[in-house]
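Input: a single structure, listed below in structure tokens.
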């Protein structure tokens, strides 16, 4: 037992990454992988069973709890943004350095890509059998929607853009309230569960139009995977070239959420003098102003 523990400690020392930003990027990658693996896995179960093994509520529950678990896994290392829109908002508020935006975004997109790959491997036989050994993007036998979001038939581009903007703005407003130490603070340790509840509420109230991506990495990573895995370029052209909406609109929505929260809440809170220069407003009790 003692020798095994010593060996494990040595391996841990050898594998330890000293560059903090790289450690944080790895945590974002794993956290987003967990989010997509559980979230898209629930969609796969519903779609491939044609509704006999779940439904709209189970999908939203899975995504909500997936966010909670991802924050618990990655939060202490990176803050568990899991979403370029969240990272963008934090950088815009000067709570994170701008260098983190491209690095976190790349890590989150890679994690989403890998999470989609795991779901594809897990349901490989079922996906191929679903449409008679074909990979169909849309329609009654479509399976690309397991991985990325697509607009409903009634939805036009303008309404879809607004849908993603409002969903992301709502997410950011709630996240900022949760991590704001001067507002009603969430009890220590419950931040992850509260953010998961926010995602669940957004899904059950705003998921009908286009599946509430509200996360560029969660949508683009799996979409890119499906393009490479056999669904082809149609995943980008379907829905009047819908693919760019879940990327651009959430980023704009994140800024909208920042302005709404700051103008209506954040700027008016009584703020006692901070004990340190750092702001303790991360989802997992980490300091925002860190040395990279």
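All residue numbers here begin at 1 and follow the chain in the order shown.
From the backbone N, Cα and C atoms, a Cβ is placed for every residue, glycine too.
What Swiss-Prot records for this protein:
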CARBOHYD  141  N-linked glycosylation site
INTRAMEM  79-92  intramembrane segment
INTRAMEM  211-224  intramembrane segment
SITE      63  site 'Selectivity filter'
SITE      212  site 'Selectivity filter'
SITE      218  site 'Selectivity filter'
TOPO_DOM  1-24  topological domain 'Cytoplasmic'
TOPO_DOM  43-56  topological domain 'Extracellular'
TOPO_DOM  75-78  topological domain 'Cytoplasmic'
TOPO_DOM  93-100  topological domain 'Cytoplasmic'
TOPO_DOM  122-159  topological domain 'Extracellular'
TOPO_DOM  178-189  topological domain 'Cytoplasmic'
TOPO_DOM  207-210  topological domain 'Extracellular'
TOPO_DOM  225-242  topological domain 'Extracellular'
TOPO_DOM  265-292  topological domain 'Cytoplasmic'
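Feature map: annotations from Swiss-Prot on the structure.
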| residue | record | Cβ contacts under 8 Å, 6 or more apart |
| --- | --- | --- |
| 63 | site 'Selectivity filter' | 35, 38, 39, 42, 199, 200, 203 |
| 141 | N-linked glycosylation site | 130, 131, 132, 134 |
| 212 | site 'Selectivity filter' | 149, 163, 164, 167, 202, 203, 206 |
| 218 | site 'Selectivity filter' | 32, 35, 36, 39, 82, 83, 108, 112 |
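In the three-state DSSP assignment, the secondary structure recorded for residue 218 (site 'Selectivity filter') is helix. The list of residues near the topological domain 'Extracellular' (122-159) in space but at least 6 beyond its ends in sequence, with Cβ under 8 angstroms from a Cβ of it, reads 40-41, 43-45, 47-48, 116, 208-213, 219-220, 222-223, 225-226, 229-232, 234-235, 238-240, 242-243, 245-246. DSSP states for the topological domain 'Cytoplasmic' (178-189), grouped as helix (H, G, I), strand (E, B) and coil, give 2 helix, 0 strand, 10 coil.
Residues in the topological domain 'Cytoplasmic' (1-24) partition by DSSP class (helix H, G, I; strand E, B; coil) as 19 helix, 0 strand, 5 coil.
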